[in-house]
Amino acid sequence: MYPAVTVVLLDLIRNITPYYEAHQNIFVSLRTQPCRNVHSVLEDERCLFVQETEECRESMHYIDYMHFMYCIVDSSNAFLFTSAIIALLLFVVCLGAIIHHLCVNRYVDSVLYVAKAWRLNEYIAGVTLLTYGNELAQVLSELKHHKSGDTELIYNQYLGTAVYQVSFLAALVIWLGPFAIYPEVIVPNVITLMIVSLLVEELMYDEQIGIFQTIILGVLYVAFLGALYTVTLMMDREGNRSRSQIEIRDADRKLVDIRRTEMVSNVEGNTSVTWLERIWQGVRAFRYEDFRTARWYRKFYLICSIPIEVIAFLLLPKVNYALPLHGWNKCLFVVNLNLFPLFLICTALVDMFSNTHLGWICLGSIATTACVSILVCAISSDDRKPVYFNCIGLFTIFGTSYLIMLLSYELIAILDTISIIGNISSASFVITILSWGSCWIDLVALRVLAMRGYPRLAFAGCIGAPVFNILVGLCTVFCIQMIRSGTTTIHVRDGTSGPTSAVYLFIVSFTLLLSVLFTRFQARKSLAFSLTVLYITFITYVVFCELEITHGYGTDHNDDGEYFQDRLKRTGMELSTE
(Lines of atoms letter the chains of each structure in order from A; the text may use other names.)
(Lines give C-alpha, C1' and ligand atoms only; values in the text may rest on other atoms or scores of the structure.)
Protein backbone atom coordinates (compact mmCIF):
# COMPACT_ATOMS: atom_id res chain seq x y z
CA MET A 1 0.00 0.00 0.00
CA TYR A 2 2.76 2.41 0.90
CA PRO A 3 4.62 2.06 -2.42
CA ALA A 4 1.38 2.86 -4.29
CA VAL A 5 0.81 6.01 -2.24
CA THR A 6 4.41 7.03 -2.82
CA VAL A 7 3.96 6.66 -6.62
CA VAL A 8 0.83 8.83 -6.59
CA LEU A 9 2.57 11.54 -4.56
CA LEU A 10 5.58 11.53 -6.89
CA ASP A 11 3.21 11.87 -9.91
CA LEU A 12 1.52 14.85 -8.35
CA ILE A 13 4.85 16.52 -7.57
CA ARG A 14 6.21 15.88 -11.08
CA ASN A 15 2.85 16.98 -12.66
CA ILE A 16 2.73 13.93 -14.95
CA THR A 17 -0.80 12.81 -14.02
CA PRO A 18 -2.69 12.16 -17.31
CA TYR A 19 -5.45 14.62 -18.17
CA TYR A 20 -8.54 13.60 -20.14
CA GLU A 21 -10.35 15.97 -22.49
CA ALA A 22 -13.84 16.84 -21.32
CA HIS A 23 -16.77 15.57 -23.37
CA GLN A 24 -18.14 18.25 -25.66
CA ASN A 25 -21.67 16.77 -25.88
CA ILE A 26 -22.66 17.09 -22.25
CA PHE A 27 -24.34 20.44 -22.83
CA VAL A 28 -26.71 20.48 -25.79
CA SER A 29 -28.49 23.50 -27.21
CA LEU A 30 -32.24 23.47 -26.76
CA ARG A 31 -32.67 24.36 -30.42
CA THR A 32 -31.40 20.96 -31.54
CA GLN A 33 -33.51 18.99 -29.06
CA PRO A 34 -36.46 16.92 -30.30
CA CYS A 35 -39.75 18.42 -29.15
CA ARG A 36 -40.77 15.18 -27.44
CA ASN A 37 -38.06 15.82 -24.84
CA VAL A 38 -40.52 18.23 -23.23
CA HIS A 39 -41.58 15.30 -21.03
CA SER A 40 -38.04 15.17 -19.57
CA VAL A 41 -38.12 18.81 -18.47
CA LEU A 42 -39.43 20.12 -15.17
CA GLU A 43 -42.97 21.48 -15.30
CA ASP A 44 -41.95 25.08 -14.63
CA GLU A 45 -39.33 24.95 -17.40
CA ARG A 46 -41.47 23.45 -20.18
CA CYS A 47 -42.59 26.81 -21.52
CA LEU A 48 -38.97 27.89 -22.00
CA PHE A 49 -38.18 24.56 -23.63
CA VAL A 50 -41.04 24.95 -26.12
CA GLN A 51 -40.04 28.55 -26.90
CA GLU A 52 -36.37 27.65 -27.49
CA THR A 53 -36.83 24.36 -29.38
CA GLU A 54 -37.18 24.81 -33.13
CA GLU A 55 -38.78 21.41 -33.70
CA CYS A 56 -41.76 22.41 -31.53
CA ARG A 57 -42.72 24.92 -34.23
CA GLU A 58 -42.25 22.72 -37.30
CA SER A 59 -45.90 21.68 -37.51
CA MET A 60 -47.25 25.12 -36.56
CA HIS A 61 -49.58 26.68 -39.12
CA TYR A 62 -51.48 29.78 -37.98
CA ILE A 63 -51.67 28.96 -34.26
CA ASP A 64 -48.79 27.71 -32.10
CA TYR A 65 -50.56 24.96 -30.17
CA MET A 66 -47.44 23.85 -28.31
CA HIS A 67 -47.00 27.39 -26.97
CA PHE A 68 -50.68 27.45 -26.03
CA MET A 69 -50.52 24.14 -24.16
CA TYR A 70 -47.29 24.74 -22.22
CA CYS A 71 -47.11 28.54 -21.88
CA ILE A 72 -50.69 29.80 -21.73
CA VAL A 73 -52.19 26.72 -20.10
CA ASP A 74 -50.69 25.66 -16.77
CA SER A 75 -49.34 22.18 -17.54
CA SER A 76 -48.91 21.45 -13.81
CA ASN A 77 -52.67 21.76 -13.30
CA ALA A 78 -53.97 18.35 -14.37
CA PHE A 79 -57.62 19.42 -14.65
CA LEU A 80 -56.85 22.55 -16.69
CA PHE A 81 -54.40 20.72 -18.93
CA THR A 82 -56.87 17.90 -19.57
CA SER A 83 -59.61 20.43 -20.36
CA ALA A 84 -57.31 22.10 -22.89
CA ILE A 85 -56.63 18.74 -24.56
CA ILE A 86 -60.39 18.08 -24.78
CA ALA A 87 -60.86 21.56 -26.29
CA LEU A 88 -58.25 20.78 -28.96
CA LEU A 89 -60.01 17.51 -29.76
CA LEU A 90 -63.32 19.35 -30.13
CA PHE A 91 -61.60 21.83 -32.44
CA VAL A 92 -60.39 18.88 -34.52
CA VAL A 93 -64.00 17.68 -34.77
CA CYS A 94 -65.13 21.16 -35.89
CA LEU A 95 -62.41 21.32 -38.56
CA GLY A 96 -63.37 17.84 -39.74
CA ALA A 97 -67.03 18.91 -39.96
CA ILE A 98 -66.10 21.97 -42.05
CA ILE A 99 -64.02 19.85 -44.41
CA HIS A 100 -66.93 17.38 -44.65
CA HIS A 101 -69.33 20.21 -45.52
CA LEU A 102 -67.07 21.61 -48.25
CA CYS A 103 -66.55 18.15 -49.74
CA VAL A 104 -70.23 17.25 -49.83
CA ASN A 105 -71.62 20.59 -51.01
CA ARG A 106 -68.91 21.78 -53.39
CA TYR A 107 -65.98 19.52 -54.06
CA VAL A 108 -67.76 16.33 -55.19
CA ASP A 109 -70.20 18.21 -57.44
CA SER A 110 -67.34 20.11 -59.08
CA VAL A 111 -65.40 16.91 -59.76
CA LEU A 112 -68.45 15.29 -61.31
CA TYR A 113 -69.15 18.34 -63.45
CA VAL A 114 -65.63 18.58 -64.89
CA ALA A 115 -65.40 14.82 -65.43
CA LYS A 116 -68.73 14.81 -67.28
CA ALA A 117 -67.95 17.96 -69.27
CA TRP A 118 -64.57 16.59 -70.40
CA ARG A 119 -66.11 13.18 -71.15
CA LEU A 120 -63.84 11.31 -68.77
CA ASN A 121 -64.87 7.82 -67.78
CA GLU A 122 -65.07 6.92 -64.10
CA TYR A 123 -61.66 5.29 -63.87
CA ILE A 124 -59.68 8.03 -65.60
CA ALA A 125 -61.52 10.70 -63.60
CA GLY A 126 -60.71 8.84 -60.37
CA VAL A 127 -57.02 8.28 -61.16
CA THR A 128 -56.41 11.84 -62.36
CA LEU A 129 -58.95 14.52 -61.45
CA LEU A 130 -60.08 13.13 -58.08
CA THR A 131 -56.56 12.10 -57.12
CA TYR A 132 -55.04 15.51 -57.86
CA GLY A 133 -57.74 17.33 -55.92
CA ASN A 134 -57.49 15.02 -52.92
CA GLU A 135 -53.73 14.57 -52.64
CA LEU A 136 -52.48 18.05 -53.52
CA ALA A 137 -52.82 19.16 -49.90
CA GLN A 138 -50.82 16.24 -48.52
CA VAL A 139 -47.98 16.54 -51.04
CA LEU A 140 -47.55 20.25 -50.31
CA SER A 141 -47.89 19.85 -46.54
CA GLU A 142 -45.09 17.29 -46.35
CA LEU A 143 -42.47 19.73 -47.67
CA LYS A 144 -42.23 21.35 -44.24
CA HIS A 145 -40.47 18.27 -42.79
CA HIS A 146 -37.43 18.88 -44.97
CA LYS A 147 -36.18 21.74 -42.87
CA SER A 148 -34.17 19.08 -41.05
CA GLY A 149 -33.33 17.07 -44.16
CA ASP A 150 -34.93 13.95 -42.64
CA THR A 151 -37.12 11.86 -44.93
CA GLU A 152 -38.22 9.33 -42.32
CA LEU A 153 -41.50 11.04 -41.42
CA ILE A 154 -42.44 11.78 -45.03
CA TYR A 155 -41.63 8.31 -46.29
CA ASN A 156 -43.48 6.62 -43.45
CA GLN A 157 -46.54 8.78 -43.97
CA TYR A 158 -46.66 8.21 -47.73
CA LEU A 159 -46.37 4.45 -47.32
CA GLY A 160 -48.74 4.32 -44.34
CA THR A 161 -51.27 6.46 -46.20
CA ALA A 162 -50.98 4.17 -49.22
CA VAL A 163 -51.80 1.12 -47.09
CA TYR A 164 -54.76 3.00 -45.60
CA GLN A 165 -56.10 4.00 -49.02
CA VAL A 166 -55.65 0.65 -50.78
CA SER A 167 -57.02 -1.42 -47.89
CA PHE A 168 -59.38 0.55 -45.64
CA LEU A 169 -60.80 3.11 -48.09
CA ALA A 170 -61.11 0.58 -50.91
CA ALA A 171 -62.89 -1.80 -48.51
CA LEU A 172 -65.23 1.02 -47.45
CA VAL A 173 -66.21 1.69 -51.08
CA ILE A 174 -66.96 -2.02 -51.63
CA TRP A 175 -68.89 -2.30 -48.33
CA LEU A 176 -71.22 0.48 -49.52
CA GLY A 177 -72.23 -1.64 -52.51
CA PRO A 178 -70.63 -4.33 -54.71
CA PHE A 179 -69.88 -3.42 -58.33
CA ALA A 180 -68.16 -4.72 -61.45
CA ILE A 181 -64.50 -3.83 -61.98
CA TYR A 182 -63.30 -3.12 -65.50
CA PRO A 183 -59.83 -4.66 -65.81
CA GLU A 184 -58.38 -2.40 -68.52
CA VAL A 185 -57.50 0.33 -65.99
CA ILE A 186 -57.50 -1.33 -62.57
CA VAL A 187 -55.09 -4.19 -63.40
CA PRO A 188 -52.31 -1.88 -64.75
CA ASN A 189 -52.89 0.41 -61.77
CA VAL A 190 -52.52 -2.39 -59.21
CA ILE A 191 -49.45 -3.81 -60.96
CA THR A 192 -47.89 -0.33 -61.00
CA LEU A 193 -48.56 0.00 -57.29
CA MET A 194 -46.82 -3.32 -56.61
CA ILE A 195 -43.80 -2.23 -58.65
CA VAL A 196 -43.70 1.15 -56.91
CA SER A 197 -43.74 -0.40 -53.41
CA LEU A 198 -40.70 -2.54 -54.24
CA LEU A 199 -38.81 0.04 -56.32
CA VAL A 200 -39.06 2.90 -53.84
CA GLU A 201 -37.99 0.73 -50.91
CA GLU A 202 -35.00 -0.49 -52.93
CA LEU A 203 -34.00 3.11 -53.63
CA MET A 204 -34.47 4.17 -50.00
CA TYR A 205 -32.63 1.18 -48.54
CA ASP A 206 -29.19 2.49 -49.61
CA GLU A 207 -29.92 5.78 -47.77
CA GLN A 208 -28.61 7.75 -50.77
CA ILE A 209 -30.82 9.30 -53.45
CA GLY A 210 -29.35 10.99 -56.51
CA ILE A 211 -30.76 12.98 -59.37
CA PHE A 212 -30.99 9.84 -61.52
CA GLN A 213 -33.20 8.00 -59.03
CA THR A 214 -35.37 11.11 -58.66
CA ILE A 215 -35.86 11.33 -62.42
CA ILE A 216 -36.85 7.65 -62.46
CA LEU A 217 -39.73 8.37 -60.06
CA GLY A 218 -41.06 11.22 -62.21
CA VAL A 219 -40.68 9.30 -65.48
CA LEU A 220 -42.43 6.27 -63.99
CA TYR A 221 -45.50 8.34 -63.13
CA VAL A 222 -45.59 9.86 -66.63
CA ALA A 223 -45.34 6.35 -68.10
CA PHE A 224 -48.16 5.23 -65.79
CA LEU A 225 -50.47 7.98 -67.05
CA GLY A 226 -49.46 7.30 -70.65
CA ALA A 227 -50.31 3.62 -70.29
CA LEU A 228 -53.73 4.38 -68.80
CA TYR A 229 -54.52 6.87 -71.55
CA THR A 230 -53.45 4.41 -74.25
CA VAL A 231 -55.60 1.64 -72.82
CA THR A 232 -58.56 4.03 -72.61
CA LEU A 233 -58.19 4.99 -76.28
CA MET A 234 -58.08 1.32 -77.26
CA MET A 235 -61.27 0.64 -75.33
CA ASP A 236 -62.95 3.66 -76.95
CA ARG A 237 -62.17 2.31 -80.41
CA GLU A 238 -63.80 -0.97 -79.46
CA GLY A 239 -66.99 0.87 -78.52
CA ASN A 240 -66.83 0.06 -74.79
CA ARG A 241 -66.63 3.63 -73.54
CA SER A 242 -70.34 3.88 -72.76
CA ARG A 243 -70.15 1.30 -69.97
CA SER A 244 -68.08 3.62 -67.78
CA GLN A 245 -69.54 6.98 -68.78
CA ILE A 246 -70.52 9.22 -65.88
CA GLU A 247 -74.24 9.83 -65.36
CA ILE A 248 -75.13 12.70 -63.06
CA ARG A 249 -77.20 11.72 -60.02
CA ASP A 250 -78.46 13.71 -57.07
CA ALA A 251 -78.07 12.84 -53.38
CA ASP A 252 -80.91 10.29 -53.69
CA ARG A 253 -79.14 8.58 -56.62
CA LYS A 254 -81.79 9.81 -59.08
CA LEU A 255 -80.65 10.85 -62.55
CA VAL A 256 -80.50 14.60 -63.18
CA ASP A 257 -81.73 16.03 -66.47
CA ILE A 258 -78.72 18.25 -67.19
CA ARG A 259 -80.32 19.72 -70.31
CA ARG A 260 -83.29 20.94 -68.31
CA THR A 261 -81.12 22.60 -65.65
CA GLU A 262 -79.27 24.55 -68.33
CA MET A 263 -82.35 26.81 -68.60
CA VAL A 264 -82.58 29.64 -66.10
CA SER A 265 -86.41 29.49 -66.28
CA ASN A 266 -86.29 26.28 -64.22
CA VAL A 267 -85.41 28.00 -60.95
CA GLU A 268 -87.97 26.43 -58.62
CA GLY A 269 -90.61 26.49 -61.35
CA ASN A 270 -90.53 30.24 -62.02
CA THR A 271 -90.92 31.38 -65.61
CA SER A 272 -88.87 34.53 -65.15
CA VAL A 273 -86.18 35.35 -62.67
CA THR A 274 -84.52 38.69 -62.02
CA TRP A 275 -80.80 39.07 -61.49
CA LEU A 276 -81.36 39.81 -57.78
CA GLU A 277 -83.27 36.57 -57.41
CA ARG A 278 -80.47 34.69 -59.16
CA ILE A 279 -77.95 36.17 -56.73
CA TRP A 280 -80.17 35.12 -53.81
CA GLN A 281 -80.46 31.61 -55.24
CA GLY A 282 -76.67 31.43 -55.34
CA VAL A 283 -75.97 32.99 -51.95
CA ARG A 284 -78.50 31.27 -49.71
CA ALA A 285 -77.14 28.28 -47.81
CA PHE A 286 -80.37 26.22 -47.76
CA ARG A 287 -84.04 26.43 -48.63
CA TYR A 288 -86.65 27.27 -46.02
CA GLU A 289 -88.59 24.07 -46.79
CA ASP A 290 -85.52 21.95 -46.06
CA PHE A 291 -84.99 23.73 -42.76
CA ARG A 292 -88.65 23.43 -41.74
CA THR A 293 -88.87 19.69 -42.38
CA ALA A 294 -85.45 18.86 -40.87
CA ARG A 295 -84.92 17.35 -37.43
CA TRP A 296 -83.48 19.42 -34.61
CA TYR A 297 -79.86 18.29 -35.09
CA ARG A 298 -80.15 18.91 -38.84
CA LYS A 299 -81.47 22.42 -38.13
CA PHE A 300 -78.53 23.04 -35.80
CA TYR A 301 -76.13 21.86 -38.51
CA LEU A 302 -77.75 24.10 -41.15
CA ILE A 303 -77.54 27.15 -38.91
CA CYS A 304 -73.87 26.48 -38.10
CA SER A 305 -73.08 26.01 -41.80
CA ILE A 306 -74.25 29.54 -42.74
CA PRO A 307 -70.85 31.26 -42.05
CA ILE A 308 -69.04 28.53 -43.97
CA GLU A 309 -71.39 28.88 -46.94
CA VAL A 310 -71.09 32.67 -46.97
CA ILE A 311 -67.28 32.51 -47.00
CA ALA A 312 -67.34 29.80 -49.67
CA PHE A 313 -69.73 31.80 -51.89
CA LEU A 314 -67.54 34.90 -51.62
CA LEU A 315 -64.38 33.01 -52.56
CA LEU A 316 -65.45 30.30 -55.01
CA PRO A 317 -68.18 29.76 -57.61
CA LYS A 318 -70.58 26.87 -57.17
CA VAL A 319 -70.58 24.36 -60.02
CA ASN A 320 -73.31 21.71 -60.00
CA TYR A 321 -75.34 20.10 -62.77
CA ALA A 322 -78.46 20.11 -60.54
CA LEU A 323 -78.44 23.93 -60.23
CA PRO A 324 -80.01 26.33 -62.73
CA LEU A 325 -77.44 27.24 -65.39
CA HIS A 326 -75.31 24.63 -63.60
CA GLY A 327 -74.40 27.22 -61.00
CA TRP A 328 -73.36 30.07 -63.29
CA ASN A 329 -73.89 33.50 -61.73
CA LYS A 330 -72.02 36.36 -63.36
CA CYS A 331 -72.24 38.77 -60.43
CA LEU A 332 -70.99 36.24 -57.90
CA PHE A 333 -68.24 35.07 -60.24
CA VAL A 334 -66.91 38.64 -60.52
CA VAL A 335 -66.79 38.78 -56.71
CA ASN A 336 -64.99 35.41 -56.60
CA LEU A 337 -62.56 36.55 -59.29
CA ASN A 338 -61.47 39.53 -57.20
CA LEU A 339 -61.53 38.06 -53.69
CA PHE A 340 -59.96 34.61 -54.13
CA PRO A 341 -56.60 35.87 -55.53
CA LEU A 342 -56.32 38.23 -52.55
CA PHE A 343 -57.13 35.37 -50.20
CA LEU A 344 -54.54 33.19 -51.92
CA ILE A 345 -51.85 35.87 -51.68
CA CYS A 346 -52.51 36.63 -48.02
CA THR A 347 -52.48 32.96 -46.98
CA ALA A 348 -49.69 31.60 -49.19
CA LEU A 349 -47.22 34.50 -49.30
CA VAL A 350 -47.63 36.07 -45.87
CA ASP A 351 -44.43 34.41 -44.55
CA MET A 352 -42.37 35.04 -47.69
CA PHE A 353 -42.63 38.83 -48.16
CA SER A 354 -42.72 41.91 -46.00
CA ASN A 355 -45.94 43.84 -45.48
CA THR A 356 -44.86 46.48 -47.98
CA HIS A 357 -44.10 43.99 -50.73
CA LEU A 358 -47.26 42.07 -49.90
CA GLY A 359 -49.27 45.28 -50.26
CA TRP A 360 -47.83 45.94 -53.73
CA ILE A 361 -48.61 42.37 -54.77
CA CYS A 362 -52.20 42.81 -53.60
CA LEU A 363 -52.52 46.06 -55.57
CA GLY A 364 -51.22 44.30 -58.66
CA SER A 365 -53.72 41.49 -58.12
CA ILE A 366 -56.61 43.94 -57.76
CA ALA A 367 -55.63 45.76 -60.95
CA THR A 368 -55.34 42.50 -62.90
CA THR A 369 -58.60 40.98 -61.66
CA ALA A 370 -60.43 44.27 -62.26
CA CYS A 371 -59.42 44.16 -65.94
CA VAL A 372 -60.43 40.49 -66.19
CA SER A 373 -63.75 41.27 -64.50
CA ILE A 374 -64.53 43.94 -67.09
CA LEU A 375 -63.75 41.42 -69.83
CA VAL A 376 -66.00 38.80 -68.21
CA CYS A 377 -68.88 41.27 -67.96
CA ALA A 378 -68.42 42.22 -71.61
CA ILE A 379 -68.34 38.74 -73.15
CA SER A 380 -70.80 36.84 -70.89
CA SER A 381 -74.48 37.14 -70.08
CA ASP A 382 -76.64 36.44 -67.05
CA ASP A 383 -78.97 33.91 -68.67
CA ARG A 384 -76.50 31.73 -70.55
CA LYS A 385 -73.60 29.61 -69.37
CA PRO A 386 -70.29 30.88 -70.85
CA VAL A 387 -68.06 28.76 -73.05
CA TYR A 388 -65.26 28.87 -70.46
CA PHE A 389 -67.47 27.43 -67.70
CA ASN A 390 -65.48 24.18 -67.68
CA CYS A 391 -62.44 26.20 -66.61
CA ILE A 392 -64.55 27.69 -63.81
CA GLY A 393 -65.26 24.11 -62.73
CA LEU A 394 -61.50 23.44 -62.50
CA PHE A 395 -61.11 26.68 -60.57
CA THR A 396 -63.75 25.48 -58.09
CA ILE A 397 -62.10 22.05 -57.69
CA PHE A 398 -58.62 23.31 -56.88
CA GLY A 399 -59.88 26.38 -55.00
CA THR A 400 -61.95 24.15 -52.73
CA SER A 401 -58.97 21.82 -52.41
CA TYR A 402 -56.86 24.80 -51.31
CA LEU A 403 -59.39 25.78 -48.64
CA ILE A 404 -59.45 22.21 -47.40
CA MET A 405 -55.65 22.18 -47.45
CA LEU A 406 -55.53 25.17 -45.09
CA LEU A 407 -57.99 23.50 -42.75
CA SER A 408 -56.03 20.25 -42.98
CA TYR A 409 -52.82 22.08 -42.03
CA GLU A 410 -54.49 23.30 -38.85
CA LEU A 411 -55.95 19.87 -38.13
CA ILE A 412 -52.56 18.19 -38.62
CA ALA A 413 -50.88 20.77 -36.37
CA ILE A 414 -53.32 19.94 -33.58
CA LEU A 415 -52.85 16.20 -34.07
CA ASP A 416 -49.07 16.63 -33.99
CA THR A 417 -49.33 18.57 -30.73
CA ILE A 418 -51.55 15.89 -29.19
CA SER A 419 -49.10 13.17 -30.29
CA ILE A 420 -46.26 15.00 -28.53
CA ILE A 421 -48.37 15.42 -25.41
CA GLY A 422 -49.29 11.72 -25.53
CA ASN A 423 -45.62 10.80 -26.18
CA ILE A 424 -46.48 8.80 -29.31
CA SER A 425 -43.48 7.93 -31.46
CA SER A 426 -43.14 9.74 -34.77
CA ALA A 427 -43.21 6.59 -36.91
CA SER A 428 -46.42 5.27 -35.36
CA PHE A 429 -48.02 8.72 -35.40
CA VAL A 430 -47.48 9.40 -39.12
CA ILE A 431 -48.66 5.91 -40.12
CA THR A 432 -51.88 6.04 -38.10
CA ILE A 433 -53.25 9.33 -36.76
CA LEU A 434 -51.54 11.69 -39.20
CA SER A 435 -52.46 9.51 -42.18
CA TRP A 436 -56.10 9.44 -41.06
CA GLY A 437 -56.14 13.22 -40.64
CA SER A 438 -54.46 13.85 -44.00
CA CYS A 439 -56.88 11.47 -45.76
CA TRP A 440 -60.03 12.92 -44.23
CA ILE A 441 -60.89 14.57 -47.57
CA ASP A 442 -60.37 11.17 -49.26
CA LEU A 443 -62.66 9.43 -46.80
CA VAL A 444 -65.47 11.97 -47.17
CA ALA A 445 -65.23 12.36 -50.95
CA LEU A 446 -64.99 8.63 -51.67
CA ARG A 447 -67.86 7.80 -49.33
CA VAL A 448 -70.11 10.44 -50.91
CA LEU A 449 -69.24 9.27 -54.43
CA ALA A 450 -69.92 5.62 -53.57
CA MET A 451 -73.25 6.44 -51.93
CA ARG A 452 -74.34 8.53 -54.92
CA GLY A 453 -73.70 5.68 -57.35
CA TYR A 454 -70.09 6.21 -58.46
CA PRO A 455 -68.24 3.29 -56.82
CA ARG A 456 -65.85 2.78 -59.75
CA LEU A 457 -64.78 6.42 -59.63
CA ALA A 458 -64.19 6.18 -55.88
CA PHE A 459 -62.38 2.83 -56.22
CA ALA A 460 -60.08 4.26 -58.90
CA GLY A 461 -59.26 7.13 -56.53
CA CYS A 462 -58.27 4.61 -53.83
CA ILE A 463 -55.84 2.85 -56.19
CA GLY A 464 -54.52 5.85 -58.11
CA ALA A 465 -53.86 8.15 -55.14
CA PRO A 466 -50.99 6.06 -53.63
CA VAL A 467 -49.15 6.02 -56.97
CA PHE A 468 -49.39 9.82 -57.17
CA ASN A 469 -48.41 10.32 -53.53
CA ILE A 470 -45.37 8.07 -53.62
CA LEU A 471 -43.97 8.91 -57.05
CA VAL A 472 -44.83 12.60 -57.41
CA GLY A 473 -44.65 13.34 -53.68
CA LEU A 474 -41.23 11.78 -53.11
CA CYS A 475 -39.91 13.18 -56.40
CA THR A 476 -40.96 16.68 -55.37
CA VAL A 477 -39.51 16.31 -51.88
CA PHE A 478 -36.18 15.00 -53.19
CA CYS A 479 -35.91 17.87 -55.67
CA ILE A 480 -36.62 20.46 -52.96
CA GLN A 481 -34.01 18.93 -50.66
CA MET A 482 -31.41 18.86 -53.46
CA ILE A 483 -32.04 22.53 -54.16
CA ARG A 484 -31.74 23.43 -50.48
CA SER A 485 -28.57 21.39 -49.95
CA GLY A 486 -26.97 22.40 -53.26
CA THR A 487 -26.02 18.80 -54.11
CA THR A 488 -27.34 16.16 -56.49
CA THR A 489 -27.07 13.37 -53.90
CA ILE A 490 -28.94 13.51 -50.61
CA HIS A 491 -29.10 11.35 -47.50
CA VAL A 492 -32.46 9.66 -46.87
CA ARG A 493 -33.91 7.38 -44.21
CA ASP A 494 -36.90 5.05 -44.35
CA GLY A 495 -37.12 4.72 -40.56
CA THR A 496 -38.36 1.89 -38.40
CA SER A 497 -41.64 1.33 -40.25
CA GLY A 498 -40.80 2.21 -43.85
CA PRO A 499 -39.91 -1.30 -45.02
CA THR A 500 -42.82 -2.76 -43.06
CA SER A 501 -45.26 -0.39 -44.77
CA ALA A 502 -43.76 -1.20 -48.17
CA VAL A 503 -44.16 -4.94 -47.55
CA TYR A 504 -47.75 -4.49 -46.40
CA LEU A 505 -48.52 -2.31 -49.44
CA PHE A 506 -47.19 -5.02 -51.74
CA ILE A 507 -49.19 -7.73 -49.92
CA VAL A 508 -52.42 -5.70 -50.03
CA SER A 509 -51.95 -4.89 -53.73
CA PHE A 510 -51.15 -8.51 -54.58
CA THR A 511 -54.17 -9.73 -52.60
CA LEU A 512 -56.37 -7.23 -54.42
CA LEU A 513 -55.07 -8.36 -57.80
CA LEU A 514 -55.60 -12.07 -57.08
CA SER A 515 -59.05 -11.43 -55.63
CA VAL A 516 -60.39 -9.56 -58.67
CA LEU A 517 -58.92 -12.22 -60.96
CA PHE A 518 -60.56 -15.09 -59.06
CA THR A 519 -63.92 -13.30 -58.77
CA ARG A 520 -63.98 -12.38 -62.48
CA PHE A 521 -63.54 -8.71 -61.67
CA GLN A 522 -66.45 -8.43 -59.27
CA ALA A 523 -65.85 -6.27 -56.21
CA ARG A 524 -67.68 -8.33 -53.61
CA LYS A 525 -68.01 -7.99 -49.87
CA SER A 526 -65.64 -10.91 -49.38
CA LEU A 527 -62.92 -8.73 -50.93
CA ALA A 528 -63.88 -5.88 -48.62
CA PHE A 529 -63.60 -8.25 -45.64
CA SER A 530 -60.11 -9.40 -46.73
CA LEU A 531 -58.87 -5.82 -47.17
CA THR A 532 -60.31 -4.83 -43.80
CA VAL A 533 -58.57 -7.74 -42.07
CA LEU A 534 -55.27 -6.83 -43.73
CA TYR A 535 -55.52 -3.25 -42.52
CA ILE A 536 -56.44 -4.31 -38.98
CA THR A 537 -53.39 -6.62 -39.01
CA PHE A 538 -51.21 -3.74 -40.15
CA ILE A 539 -52.51 -1.40 -37.43
CA THR A 540 -52.09 -4.13 -34.81
CA TYR A 541 -48.46 -4.53 -35.79
CA VAL A 542 -47.92 -0.76 -35.58
CA VAL A 543 -49.49 -0.69 -32.11
CA PHE A 544 -47.29 -3.58 -30.98
CA CYS A 545 -44.23 -1.67 -32.20
CA GLU A 546 -45.42 1.41 -30.32
CA LEU A 547 -45.85 -0.61 -27.12
CA GLU A 548 -42.41 -2.22 -27.75
CA ILE A 549 -43.94 -5.70 -27.84
CA THR A 550 -42.34 -6.18 -31.24
CA HIS A 551 -39.50 -4.33 -32.94
CA GLY A 552 -40.05 -2.51 -36.21
CA TYR A 553 -37.85 -3.55 -39.10
CA GLY A 554 -35.91 -0.86 -40.95
CA THR A 555 -32.51 0.44 -41.94
CA ASP A 556 -32.74 2.98 -39.12
CA HIS A 557 -34.23 1.66 -35.89
CA ASN A 558 -34.61 5.10 -34.32
CA ASP A 559 -37.36 7.65 -34.51
CA ASP A 560 -36.66 11.38 -34.48
CA GLY A 561 -36.23 11.75 -30.73
CA GLU A 562 -34.43 8.49 -30.04
CA TYR A 563 -32.16 9.05 -33.02
CA PHE A 564 -30.80 12.21 -31.44
CA GLN A 565 -30.45 10.70 -27.98
CA ASP A 566 -28.78 7.53 -29.22
CA ARG A 567 -26.31 9.54 -31.24
CA LEU A 568 -25.51 11.57 -28.14
CA LYS A 569 -25.01 8.53 -25.91
CA ARG A 570 -22.95 6.68 -28.50
CA THR A 571 -20.65 9.66 -29.02
CA GLY A 572 -20.10 9.99 -25.27
CA MET A 573 -19.25 6.30 -24.94
CA GLU A 574 -16.77 6.50 -27.81
CA LEU A 575 -15.01 9.48 -26.25
CA SER A 576 -14.82 7.82 -22.86
CA THR A 577 -13.36 4.68 -24.46
CA GLU A 578 -10.65 6.74 -26.08
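Counting begins at 1 with the first residue displayed.
Glycine is treated like the rest: Cβ placed from N, Cα and C.
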TrEMBL annotation (transmembrane segment) - matching range among 101-120, 181-200: 181-200
Cβ contacts the transmembrane segment (181-200)/the transmembrane segment (212-235), at least three under 8 Å, sequence gap 6 or more: yes
Secondary structure content of the domain 'Sodium/calcium exchanger membrane region' (395-543), with strand meaning DSSP E or B: 122 helix, 5 strand, 22 coil
Leading contact stretch, 300-319, 358-380, 457-483, 503-519, 526-544 vs the transmembrane segment (387-409) - CB distance under 8 Å: 300-319
Beyond the flanks of the transmembrane segment (429-450) by at least 6 residues, Cβ under 8 Å: 92, 96, 99-100, 103-104, 107-108, 111, 130, 133-135, 137-138, 141, 153, 156-157, 159-161, 163-165, 169, 172-173, 176-177, 401, 404, 408, 411-412, 415-416, 419, 457-458, 461-462, 465, 497, 501, 539, 542
Remote residues contacting the transmembrane segment (358-380) - C-beta distance under 8 A, at least 6 residues beyond either end: 330, 333-334, 337-338, 341-342, 345-346, 349-350, 386
Spatial neighbours of the transmembrane segment (300-319) far in sequence, C-beta under 8 Å, 6+ residues away: 98, 101-102, 105-106, 109-110, 113-114, 282-283, 285-286, 290-291, 294, 326-329, 332-333, 335-336, 339-340, 343, 389, 392-393, 395-396, 399-400, 403
